[in-house]
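S.K.: This is the structure I want to talk about, given as structure tokens.
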Ligand SMILES: CC(C)(COP(=O)(O)OP(=O)(O)OC[C@H]1O[C@@H](n2cnc3c(N)ncnc32)[C@H](O)[C@@H]1OP(=O)(O)O)[C@@H](O)C(=O)NCCC(=O)NCCS
């Protein structure tokens, strides 16, 4: 392997001729580092690097589930034959506001060896990968971010909001009017594996941001739920919802950690929470919720839903602005010219966006912009989780006047909170 000192310090200083093809590989001028398509032969080294980067070990089942997904999507960086960086992408279908199902690619396995960081390898791999994704014509690229400061420069915006909450179950009481619909059964994990996919599918079709989930990924999820110190997963199922959880003890307190809760109806939501909040020998129930989860309003003491952490979960990069904006629905009619800046590839431009009779039309135009924003900001607005007026107050979005901003803000609102379906 080339000594680190032999590597050029920064790609901008290194006069890289941006990816040019040589044979089946793509070579850049950072000494011996080669960016090329990955193959299954690279998989063991890639997973080792990923585990090293994140400081955890994945089970054989998880690795097998992932290796089945890589196809020809992996891009690796090698230095004298050793893998020193990688990224891959999975096919992903996602619900957008209004219920349309949009195809995209979900970026995953991103890591660069600590010996090769901050020399432009991620940027070089991402450039190659995203050019391929753009050429495939899918309107969206998705990812989850280890750090919030990395992906905005590549046009990704945080597009969902998740809160990790903790409820002291012993004190929780429901308001008198909250129904007690019943209909919940305790089932084995094997039975849950049979029942969950159909309920998830109905929930996914309703929920902006939620992705179709391949069966192997549910199995992976259940295998991975078994964290050190926790019990194996338990499942409770209603005909319109389910909760998957594990239990552990910390400081003599019993904790039930709900790692997946999906309810298609308000009755299923109430029925499942009534059971979770009546688990004997459990002090705290932990769960992940969207900001619009009704639980806090169902309890006589809303403060019992304590937020431990707020996370961004799903990030969106719009690869094709007209296709993505025409696919979703809006809460108000619009007739606006939007300038979108893409500092990474060439998805940006100036677009006339009109919404009338429930149908959106988005075409390139030469007309002067009335709203201007980075592609990453449009990604944050796209699923409805973030508000245009708040981003304008943060100086991340410009509108020509307050009426333009008011209508733009209103139009992008949705009637169901965006949520990520599964982590990838
Ligand atoms: C994050 C990681 C992949 C970056 O790889 P890298 O090869 O060092 O990144 P690059 O040198 O290509 O940097 C690309 C750009 O991102 C920026 N960047 C990279 N890592 C960053 C970080 N952790 N925080 C903020 N900015 C970051 C660089 O400054 C650079 O900006 P510029 O090109 O606009 O000047 C690498 O540090 C890593 O493997 N980290 C641990 C695992 C991880 O977090 N993976 C991401 C999973 S979502």
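First residue shown is number 1, and so on along the chain.
Just so you know, glycine gets a Cβ as well, placed from its N, Cα and C.
Here's the feature list from TrEMBL:
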type     : residues                                              : note
DOMAIN   : 33-176                                                : domain 'N-acetyltransferase'
BINDING  : 110, 111, 112, 118, 119, 120, 121, 122, 123, 146, 147 : acetyl-CoA binding site
ACT_SITE : 151                                                   : active site, proton donor
ACT_SITE : 424                                                   : active site, proton acceptor
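How buried are the listed features, and what sits near them?
M.R.: Taken residue by residue, the domain 'N-acetyltransferase' (33-176) breaks down under DSSP into 48 helix, 50 strand, 46 coil.
Residues near residue 151 (active site, proton donor) in space but far in sequence (CB under 8 A, at least 6 apart, same chain), listed by position: 143, 145, 315, 317, 376.
With a cut-off of 8 Å between CB atoms and residues at least 6 apart in sequence, the same chain places 90, 92, 106, 108, 142, 144, 211, 217 near residue 424 (active site, proton acceptor), listed in sequence order.
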S.K.: List those of the recorded positions 147, 151, 424 whose Cβ lies under 6 Å from any atom of ligand 1, in sequence order, or write none if there are none.
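M.R.: Correct list: 147.
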S.K.: Out of 112, 119, 123, 147, give me whichever of these binding-site residues has the highest number of other Cβ atoms within 10 Å.
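M.R.: Neighbour-count leader: 119.
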S.K.: So if I draw a 10 Å sphere around the Cβ of residue 121 (acetyl-CoA binding site), how many other Cβ atoms end up inside it?
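M.R.: Residue 121 (acetyl-CoA binding site): 26 neighbouring Cβ atoms within 10 Å.
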S.K.: With DSSP assignments reduced to helix, strand and coil, which class does residue 424 (active site, proton acceptor) get?
M.R.: coil
